[in-house]
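I have a structure here, written as structure tokens, and I will follow up with some questions on it.
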């Protein structure tokens with residue numbers, strides 16, 4: 001009988017393996033995709049693309065035992081050759097080729113020049129050929145950084161005693177109701193796609209005290225802007241036994257500190273490729289909503305038009321203000337007006353027209369909304385009635401409160417927006433693997 | 001100006017903190033939900049539920065400075081008292097109470113007896129009161145184990161050079177087409193919910209070589225069985241530069257080995273609560289589909305009715321066979337018939353009626369489907385034409401192959417099924433936080 005016993009060591013090497021030992025002068029095997037070929041007659045440079053970066057291979061006429069004409073871009077190959085330290089090559093070494101085995105071949109030439117350092121291509125062209133465009137070294141690095149953010153979020157929260165949950169995306173009714181829901185038929189019943197795990201994560205605070213989820217959310221908003229998506233990945237957490245909504249902001253600050261360190265140590269390669277300097281997150285300033293509006297109005301001589309909400313331009317100016325005044329990339333804006341927050345937001349006992357809530361702005365863009373929630377069943381019902389809302393479809397949510405819930409709060413972070421700001425892009429689609437917007441449902 | 005500087009130490013303690021130092025005789029503060037109260041007149045035991053387990057608190061008339069009548073089940077409280085080692089208490093200590101501060105109160109009594117060790121309640125009653133039922137110590141432990149599985153999957157694959165991806169769940173057309181798709185309207189265009197990240201993860205092999213995703217998938221199947229869900233969490237990976245589909249099985253074996261170790265070390269508490277013994281995964285037997293059918297037919301005297309598929313009963317018997325013959329809980333069944341596998345499955349060059357694919361059975365239930373995929377564009381087109389399929393909606397998928405793809409393969413694991421088998425339950429809903437089935441769209 002045959003048995004599987006686990007992962008066996010391959011006889012081909014990855015870049016980090018080659019760099020971790022002394023392979024100079026040794027004969028090794030490497031697999032990869034042909035990224036470029038620069039044929040100069042008697043010598044040719046064949047650059048392989050591997051998951052950890054590029055490997056420069058050298059063909060030498062008379063020495064290499066294959067015909068350089070048999071190779072073309074986008075072939076995947078297994079090569080054998082001798083390692084030679086070479087400062088000018090990527091990762092400081094090259095491979096003097098002996099033999100090549102072709103593993104697969106493309107059927108057509110590339111539609112985009114992915115081997116250029118910066119692709120001189122429109123966003124639309126990149127998105128239309130996403131699976132090809134991402135083979136560019138810089139383009140794909142963005143999504144390694146994105147991995148680091150998600151990973152940092154989870155690892156930090158595991159360490160803080162949070163439990164990871166998976167809540168359903170198909171539902172009968174949603175957390176925050178209304179117009180922005182995608183609707184569908186579920187076995188002859190009307191259903192919706194959840195725009196947030198809000199209700200579920202709150203219910204689970206009664207079970208696990210602290211929970212988080214990293215999952216897609218769906219918003220049928222008809223916004224067609226550089227910062228909106230109709231499907232995105234939301235990093236959500238919710239925690240019980242808080243003393244105030246500041247505990248939530250402290251936890252988010254901790255997440256950012258942990259994640260920047262993780263990126264620095266485990267994603268240095270990608271940071272270098274993208275030429276990024278990580279933001280400082282040792283301390284993040286906090287400012288009240290009302291005060292922020294006034295500060296910005298005063299400093300930049302701008303009229304306050306809507307006292308209940310921040311316009312995108314105001315968010316940008318708040319970002320600019322705190323960058324100029326204290327060198328901060330992030331700023332917590334707190335105490336949002338009650339009428340612009342959902343019913344479950346806890347009002348400020350000192351002034352009930354405001355809430356114990358916050359947004360986190362990063363370079364002037366909202367990347368998080370969070371705050372303390374109402375935990376008392378009777379107060380929650382009061383607020384629902386005051387707003388003239390129906391409780392239909394919320395029975396299960398309300399039941400959790402009826403049977404006791406600790407003081408709690410939480411937040412949701414837009415992963416693509418956070419990635420976009422970190423990499424310094426202007427369009428959230430640059431930080432989305434396969435964006436969904438008003439016009440884009442493919443690829 | 002106020003600043004957030006990260007997570008501050010709380011002045012209340014968690015169970016692991018109390019156990020990690022000598023607190024005997026010391027006065028400490030603890031927060032939690034009142035799980036039970038056993039009032040015996042002059043003494044009362046108040047058991048608190050915390051995320052790490054239960055804490056036994058002792059009220060003593062004349063010593064404790066509060067009225068025991070003020071407390072009730074499902075209150076959340078902050079208590080202050082003196083630590084006393086006590087073998088009969090959960091975690092080996094109790095708290096002689098001094099004071100209690102009530103943080104929140106329920107509005108109604110519990111609908112379920114969650115403080116019982118085993119809840120004597122139907123699955124339906126548990127699911128109808130999910131947020132309450134999960135407050136039971138055993139019920140919630142299931143989802144801690146589930147966390148460990150997902151975490152093991154990710155951590156193992158990070159270590160193996162995989163990149164985590166987030167692919168869209170809204171799409172224009174699906175990987176494997178057809179009848180089992182939920183349909184919806186997306187800004188006046190027809191759309192579907194993805195039943196698998198198949199196409200996307202394959203496309204991303206051309207970018208990152210190795211990728212994985214842990215995300216919801218949606219299947220509009222009208223099955224109403226103990227092992228089907230209409231929405232579940234799929235643990236997917238796809239890897240390039242494989243020598244054969246055995247590399248995929250080896251990687252899955254490695255994942256199981258890593259995860260069992262993680263559960264043993266980091267989830268010992270939950271394993272103990274559930275009384276679980278972890279399965280052995282040092283070696284997993286492999287058997288060909290055809291041979292498996294014959295072995296089972298012979299040993300259990302059972303006629304082979306459908307040579308192209310495994311009936312659920314046959315899967316059970318294959319599980320039984322390998323348990324009896326070599327003590328294995330897991331078995332890889334390989335070389336499934338081509339006609340039962342999707343078009344992208346690679347046929348076995350030695351006999352094209354079979355494929356280089358596999359299922360992993362765990363205690364006789366399929367928890368994984370995987371295999372090698374066709375990587376050559378022309379062969380993929382041939383197979384599509386042979387099957388009389390349309391390529392409409394697959395242009396982007398096919399484009400990745402047109403421009404070169406390494407030999408690759410992958411798999412998808414049903415998280416809830418794997419959890420169900422591990423905890424020894426009969427119904428997959430027991431291992432799903434909020435199941436979605438033919439009749440259940442709430443809570």
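Positions of Cβ are set from backbone N, Cα and C atoms, glycine also.
Note that this is a predicted model, so its numbers are computed, not measured.
Per TrEMBL, the features are:
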- A:90: site 'Important for tRNA non-discrimination' (SITE)
- A:143-443: domain 'Aminoacyl-transfer RNA synthetases class-II family profile' (DOMAIN)
- A:176, A:219, A:369, A:373: L-aspartate binding site (BINDING)
- A:198-201: region 'Aspartate' (REGION)
- A:219, A:220, A:221, A:227, A:228, A:229, A:366, A:414, A:415, A:416, A:417: ATP binding site (BINDING)
Given a Cβ distance threshold of under 8 angstroms, which distant residues of the chain, six or more beyond its ends, lie next to the region 'Aspartate' (A:198-201)?
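For the region 'Aspartate' (A:198-201), the list is 165, 167-168, 175-176, 211-213, 236-238, 342, 344, 394, 396-397, 410, 412.
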Please average pLDDT over the region 'Aspartate' (A:198-201) for the predicted structure.
97
For residue A:415 (ATP binding site), just give me the three-state DSSP call.
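Reduced to three states, the DSSP call for residue A:415 (ATP binding site) is helix.
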Of the recorded positions A:90, A:228, A:366, A:415, which sits closest to residue A:373 (L-aspartate binding site) by Cα distance?
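Result: the closest of the recorded positions to residue A:373 (L-aspartate binding site) is A:366.
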Where residue A:90 (site 'Important for tRNA non-discrimination') and residue A:417 (ATP binding site) are concerned, what is their Cα separation in Å, rounded?
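Here the two Cα atoms are 31 Å apart.
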For residue A:90 (site 'Important for tRNA non-discrimination'), just count the other CB atoms lying within 10 A of its CB, please.
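Residue A:90 (site 'Important for tRNA non-discrimination') is surrounded by 16 other Cβ atoms within 10 Å.
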If H, G and I count as helix, E and B as strand, and all else as coil, what does DSSP give for residue A:90 (site 'Important for tRNA non-discrimination')?
helix
Taking every protein chain in this structure into account, which of the binding-site residues A:219, A:373, A:417 has the most other Cβ atoms within 10 Å of its Cβ?
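Going through A:219, A:373, A:417 one by one, the largest Cβ count within 10 Å is at A:373.
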Could you state the whole-number distance in Å separating the C-alpha atoms of residue A:415 (ATP binding site) and residue A:219 (L-aspartate binding site)?
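Residue A:415 (ATP binding site) and residue A:219 (L-aspartate binding site) have their Cα atoms 15 Å apart.
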How many Å separate the Cα atoms of residue A:221 (ATP binding site) and residue A:369 (L-aspartate binding site)?
17
In whole Å, how far does the CA atom of residue A:369 (L-aspartate binding site) lie from that of residue A:228 (ATP binding site)?
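Their Cα atoms are separated by 15 Å.
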What's the CA to CA span in angstrom from residue A:417 (ATP binding site) over to residue A:219 (L-aspartate binding site)?
15
Could you say which of the binding-site residues A:228, A:366, A:369, A:415 has its Cβ with the most other Cβ atoms inside 10 Å?
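Of the binding-site residues A:228, A:366, A:369, A:415, the most buried by Cβ count within 10 Å is A:415.
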Reported as an integer number of Å, what is the Cα distance between residue A:219 (L-aspartate binding site) and residue A:228 (ATP binding site)?
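That comes out at 9 Å between the alpha carbons.
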Tally every other Cβ atom lying within 10 Å of the Cβ atom of residue A:221 (ATP binding site).
15
With DSSP, how much of the region 'Aspartate' (A:198-201) is helix, how much strand and how much coil, in residues?
4 helix, 0 strand, 0 coil
